[in-house]
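These notes concern the structure reproduced below.
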Amino acid sequence: MRVLKFGGTSVANAERFLRVADIMESNARQGQVATVLSAPAKITNHLVAMIDKTVAGQDILPNMSDAERIFADLLSGLAQALPGFEYDRLKGVVDQEFAQLKQVLHGVSLLGQCPDSVNAAIICRGEKLSIAIMEGVFRAKGYPVTVINPVEKLLAQGHYLESTVDIAESTLRIAAAAIPADHIVLMAGFTAGNDKGELVVLGRNGSDYSAAVLAACLRADCCEIWTDVDGVYTCDPRTVPDARLLKSMSYQEAMELSYFGAKVLHPRTITPIAQFQIPCLIKNTSNPQAPGTLIGKDSTDADMPVKGITNLNNMAMINVSGPGMKGMVGMAARVFAVMSRAGISVVLITQSSSEYSISFCVPQGELQRARRALEEEFYLELKDGVLDPLDVMERLAIISVVGDGMRTLRGISARFFSALARANINIVAIAQGSSERSISVVVSNDSATTGVRVSHQMLFNTDQVIEVFVIGVGGVGGALIEQIYRQQPWLKQKHIDLRVCGIANSRVMLTNVHGIALDSWRDALAGAQEPFNLGRLIRLVKEYHLLNPVIVDCTSSQAVADQYVDFLADGFHVVTPNKKANTSSMNYYQQLRAAAAGSHRKFLYDTNVGAGLPVIENLQNLLNAGDELVRFSGILSGSLSFIFGKLDEGLSLSAATLQARANGYTEPDPRDDLSGMDVARKLLILAREAGYKLELSDIEVEPVLPPSFDASGDVDTFLARLPELDKEFARNVANAAEQGKVLRYVGLIDEGRCKVRIEAVDGNDPLYKVKNGENALAFYSRYYQPLPLVLRGYGAGNDVTAAGVFADLLRTLSWKLGV
């Protein structure tokens, strides 16, 4: 015997009704089947609305008409599709039910209220009609059918609207019916009868509970819950799109997940099947070939110690505390007895080890009743100061991680808390059951979605996300986007979902949180209408709960650099080749580091010095290992490396400068390079990394051009005048050559002083052979002397700089992946 249950969406129309019948028929070929049906989708909601509107004296006609139309369409669709379907008889059954419903509602209107017994009789009519219609379908197919009347066969105790079935007595009643083995068995869900023979209903998710009870009474081989999803997922797929379908889970895991908010099954449904060790299979009516999720005594997913993450929103926390709590026997019992008498469900409890306080969560809607009840119960204690005034926190959510394997595997809690910390989510309270099967945290309501997503990513090792917003799409920015596009196959292989969610130039921006199509981004940006707005990017992160957003600033803008602290505080990592932020005031420099540390975000700028060379990272690694910078010398400008290299080869200063400009090494105005300020900025960054608290004005800069030279006018005028310096530079080059040296434009750090100047270096110096646009950096430290640590390579160019930015992007994942 198998018990099947189909929910409201599964019987919403004629097509789905017949699909359910086909599933039942297929199962019946393998053995006897008993089926529990819900009301067609929306019917119960209409019935509840009719009760509420009738009591309030409002018009119920729209709800009544919609409900009648749903059944009319259902019957006509079945009549057209199924030969032999008794349309006229069943239409009469439906019409009679609605006629009775109208009479009952008229009585409610006269009374001005709806007694619970009447309410129960009204809201279960949809299930009753579903069974009548399904019986008609199988009689048309030629099957013998037995309909179990749940009011007669299921004995329930409790309230009219929330009863619990006595399985032992109900088993005897159903057995007495002696159902033939070849019959299709049908029973309306949600409904039972009390010891007076009155109709009662089984509360929320009552049809699932009905199916579990029937399976227990029949000692079924399996209870199948057919719904509109493929099974139980590790998380709500609407919150986490890459949630994984579970093959199996234990009764205890299912109970914990459902208690803490999973929507597939209600905790009451699990109790009967767990008591009688009946496997429960969750299946999709629209996708019957999917394997579904099997709930049983043990889980077969041994490789998944955590089975799911859930959240309960709209909670409030009440803290009862005070000096009188410590050592006072029975205080906790009084607190929860008050909640019980008030009919308020306590969802989560924590108590301090000092016994000074006890905290618990209740639904937000129950908060005021809970507070009043506690204040009445503890009036004297509050008045005398034995208890402190009740402390209440509102708009909270509970995030729970559930899995049998948590008992034996170390580190689950650490990873859970680490994920929340990385997302800047503050934990209000923590609770763990003695079974170690679940751990729950209380957070703010606004943080719940982000908390669930980041926890799922950490615990289930799904694709790691980087959501990139590129500002500035000139040389480096454009090259970066092209590299990201080309590297997508490699990224997918590494399970990295790197999506470009925003592209902006100085005028407009293009955004798509699901990822911009990178094969046509230039055309899309050209047609973009949305003005560039940094505030809009911040709002996107909060609105869509992005997990790992990264601002990539590929501009040279001071205005954008001034926003980095705000970006970090709002949850972005910041990756940039823009040197403006790191060479602003020392105060802003320190604010950036504090903002990054305080928000658990990364500020990465390895391309500030040396473009794609790993300069900053290597220097930081040295210093973190306890090394100390003693001295530094380096060629930090690709353009000046090229120019001074050409001087060695006999070119004049003016010719070398023109050639460097033609090859794209210099800025459009070469005076920007020849001033030495770009080198000074890079040197300041290195000095600050080494721990020196310096400003840009502290750098001693000797420009390439002597002070006596008139460098005024436009670019063409300047370049026309530049040959005036050729003889002087040729003489300096010759003098250096006589000593076996060459001229290099060098940045120096020595004893806390920073200098930028032309230096003559000999063949033993690591800078001697550096030319053609290369950078070279020589770090003399306590560990590296007398021979320095030398980094050498091309330190300019869009592609190498973009590659360095790409590497920094991947470092935003370093807390989760070894990349």
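Keep in mind that glycine also has a Cβ here, set from the backbone N, Cα and C atoms.
Sequence annotations record features per position, and here Swiss-Prot assigns NAD(+) binding site to VAL473, GLY475, VAL476, ALA504, THR555, GLY797 based on similarity to another entry. According to DSSP, ALA504 (NAD(+) binding site) sits within a strand segment.
Non-local contacts of SER556 (NADPH binding site) by the CB criterion (under 8 A, 6+ apart in sequence, same chain) comprise ASN578, LYS579, LYS580. Look at SER556 (NADPH binding site): DSSP puts it in coil. The annotation NADPH binding site is assigned in Swiss-Prot to VAL476, THR555, SER556, LYS579, GLY797 on the grounds of similarity to another entry.
Sequence annotations record features per position, and here Swiss-Prot assigns NADP(+) binding site to VAL476, ARG507, THR555, LYS579, GLY664, GLU667, GLY797.
Annotation for VAL609 (Na(+) binding site): spatial neighbours VAL615, ILE616, LEU636, LYS682, ILE685, LEU686, LEU777, GLY795, criterion Cβ-Cβ under 8 Å with sequence separation of six or more. In the three-state DSSP scheme, VAL609 (Na(+) binding site) falls into the coil class. Annotated Na(+) binding site per Swiss-Prot: ASP606, VAL609, ALA611, LEU613, in sequence order, evidence recorded as similarity to another entry.
In the three-state DSSP assignment, the secondary structure recorded for GLU667 (NADP(+) binding site) is coil. The Cβ neighbour count for GLU667 (NADP(+) binding site), using a 10 Å radius over every protein chain in view, is 15. Residues or ranges marked as L-homoserine binding site in Swiss-Prot (evidence: similarity to another entry): GLU667, ASP678.
Per Swiss-Prot, domain 'ACT 1' is recorded for 320-394.
The feature domain 'ACT 2' is assigned by Swiss-Prot to 401-478.
Annotated region 'Aspartokinase' per Swiss-Prot: 1-249, in sequence order, evidence recorded as similarity to another entry.
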Cα distance (Å, whole number) from THR555 (NAD(+) binding site) to GLU667 (NADP(+) binding site): 14
Fewest Cβ neighbours within 10 Å, where candidates are the binding-site residues VAL473, VAL476, ALA504: VAL473
Coarse DSSP state, helix versus strand versus coil, of VAL476 (NAD(+) binding site): helix
Secondary structure content of the domain 'ACT 1' (320-394), with strand meaning DSSP E or B: 34 helix, 17 strand, 24 coil
Across the domain 'ACT 2' (401-478), average pLDDT on the 0 to 100 scale: 88
Candidate with the highest Cβ count within 10 Å, taken from the binding-site residues GLY475, GLY664, GLY797: GLY797
Which of ALA611, LEU613, all binding-site residues, has a Cβ with the fewest other Cβ atoms inside 10 Å: LEU613
